[in-house]
Amino acid sequence: MPRFITELKRTHSCGELTKADIGKEVVLFGWVNNRRDHGGAVFIDLRDRAGLTQVVFEEDVRPDVHELAGQLRLEYCVGVRGKVVSRGGNVNPKLPTGEIEVHASDLEIFNRSEPAPFQIEDKIDTGEEKRLQYRYLDLRRAPLQQTLMTRAKVNHLTRNYFTDKGFLELETPFMVKYTPGGARNFLVPSRLNPGKFYALAESPQLFKQLYMMAGFDRYFQIVRCFRDEDLRLDRQPEFTQIDVEMSFVEQNDVFDVMEGLVVKLWKEVLGIEIPRPFQRMPFEESMAKYGNDKPDLRFDMPHVVLTDLVRQHDGGGVPLMHEAVKAKGIVKAMRVPASANFSRTEIDKLEEYVKGMGAKGLARAKVGEGGEWTQSPLAKTITPALRQAINDACEAKAGDLLLFQFGKESVVHTVMANLRVHLAKRMGLIPEYGSGGAWRFLWVVNPPLFEYDEESGQWAAAHHAFTRPHDSDLQFLESDPGKVNCYRYDLVLNGFEIGGGSIRLHDPEVQARVFKAMGISDEEARSKFGFLLDALKMGAPPHGGIALGMDRLVMLLTGAESLRDVVAWPKTQKGTDLMTGAPGDVDARQLRELYVKSTFEPK
């Protein structure tokens, strides 16, 4: 064992010594962050997760220690003993320890380091693949260490908050029954049950509801979940969520508890007071004004739905708009203020941008002093009455730019939603990443319970089949499922959905009606969810809950650019771990024991 470990103990971290510690003898452990020789003395910056301390090895104090210090190189792991002294006029104001240094009297090298494949510095140009391959070195860099320490603090604050509120931290299984539909699952073959498979849980949904039925009326868990989906910058195959469920509540009770948590996190982590209650917006309004159910409210530029106006004016001289309305599509406009002052070249680039999302083009018009339209093919055919009606609906002023999309509702919403955010970044209204100093929380409420699947010709649950419909909409369950709204809610922050939940169905008769509306027979429902249906008949209480995405929450709190920056050991967009080589091959013997055979044939 190293002498410093058995005989000496660390007295301080490398980030806590100040001038109040001058004269003390201290023991520090860490890594050599920097090394330089000056006037016969060896200087190093010693680093641990708390910060940096300058250490000086002088030849006339301990020649043997000075000689050993001459061997030090970057990333050597060492222990140092010495006295804290003032740096006099050589203060480094950038460091919390910048007023002092440690004059070393003893040194032990715990381990030497080969030259690192990249610099261990705050900002580096190394590609992400190399950093992921040597993730343990990447994690030595201060920005990532600060991010993970913030994540640990969020974990701690969350547990304390819910415990103080009377919640129980309870576990749910990772290996569960596979049920078709929903997210694609990771499957685990069962050796003891040949031909059978577990699924890794994509959420604790059913088990946390069963906790409510078992009488544990306040549950929470910081839990790992798994989804075998195509990955993006904001997705990982395994992710963490703050999972919550409560009995005897309505959605306002859930809002109250979760707003309390969010306010506490922003206060404790960032020192920012977030006002309550959070804004609420119906799903229908969110889609109409912003094109999605996670609007960024840090800036304005809402969409205006013109479908009824175009219908009232019988097309108003714009055949393409008229055709979209007759085809049961939608017509939308967005007013870009004159202050944006986009050139024709810039507007042409906007058209290329929307075409990349499947749009056929970008209709536009510049508003003149008298309300006339210029720089627009629409101006040649549109009737003065429809033009004025659109100007009024959009509150257009001279110099403003009007942008239009019309066609299939889902495409128009998506294109206009993305265009709005793209424009805001181009105009400097929001930064490319991070909050830009503003935090606009929003509850999006009352969405449809069902969405129509054109391929299957069936209604499907927009989220899951266990969400409670509005009582006033139960009359439409059989006759017109598209009219049924529900007690589902999403918590949105600056264009990101950071959580979602619902009030659950606790009435077995209504649950059966919901399944039938989705085309799920009694036999299929019992095969998939028989245990839950039985539990609903055993005095199930009214209950509801929510889950917050821990990874995204920390990403927003820290200003990170992607989820991979807030996860210690992330996967690539192909789902691979470049450090360990996962996923890897399995030998044939093990596959035989699992009764599994690979049909993959390499090209």
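Placed from the backbone N, Cα and C atoms, the Cβ positions cover glycine too.
According to Swiss-Prot, the protein has these features:
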BINDING   ARG227, ASP228, GLU229, GLN236, GLU497, GLY549, MET550, ASP551, ARG552  ATP binding site
BINDING   ARG227, HIS463, ARG504  L-aspartate binding site
REGION    205-208  region 'Aspartate'
SITE      HIS38  site 'Important for tRNA non-discrimination'
SITE      GLY89  site 'Important for tRNA non-discrimination'
Request  = By CA-CA distance, flag whichever of HIS38, ARG227, ARG552 among the recorded positions is nearest to HIS463 (L-aspartate binding site).
outcome  = ARG227
Request  = Please work out the mean pLDDT for the residues of the region 'Aspartate' (205-208).
outcome  = 96
Message = Between the two most separated Cα atoms in ARG227, ASP228, GLU229, GLN236, GLU497, GLY549, MET550, ASP551, ARG552, the residues recorded as binding ATP, what distance in Å do you get?
response = 20
Ask   = If you count the other Cβ atoms within 10 Å of each Cβ, which of the recorded positions HIS38, HIS463, ARG504, ARG552 comes out on top?
value = ARG504
Ask   = Using C-alpha atoms, which one of the recorded positions HIS38, GLY89, ARG504 comes nearest to GLU497 (ATP binding site)?
value = ARG504
Message = Counting across all protein chains present, how many other Cβ atoms fall within 10 Å of the Cβ of GLY89 (site 'Important for tRNA non-discrimination')?
response = 5
Message = Between ARG552 (ATP binding site) and ARG504 (L-aspartate binding site), how many Å separate their Cα atoms?
response = 25
Ask   = If one measures from the C-alpha of HIS38 (site 'Important for tRNA non-discrimination') to the C-alpha of ARG504 (L-aspartate binding site), what distance in angstrom results, rounded to a whole number?
value = 70
Secondary structure content, the region 'Aspartate' (205-208) (per DSSP, counts of residues) = 4 helix, 0 strand, 0 coil
Key: ARG504 (L-aspartate binding site) versus ARG227 (ATP binding site) - Cα distance in angstrom   = 23
Key: Cβ neighbours within the same chain of GLU229 (ATP binding site) - under 8 Å, at least six residues apart   = ALA183, ARG184, ARG235, PRO237
Remark   = Simplified DSSP label at GLU229 (ATP binding site) comes out coil
Request  = Specify the count of other C-beta atoms within 10 Å of the C-beta of ARG227 (ATP binding site).
outcome  = 19
Task = Sorry to bug you, but what's the C-alpha spacing from GLY89 (site 'Important for tRNA non-discrimination') to ARG504 (L-aspartate binding site), rounded to the closest Å?
result = 66
Task = Determine, to the nearest whole angstrom, how far the Cα atom of MET550 (ATP binding site) is from the Cα atom of GLY89 (site 'Important for tRNA non-discrimination').
result = 45
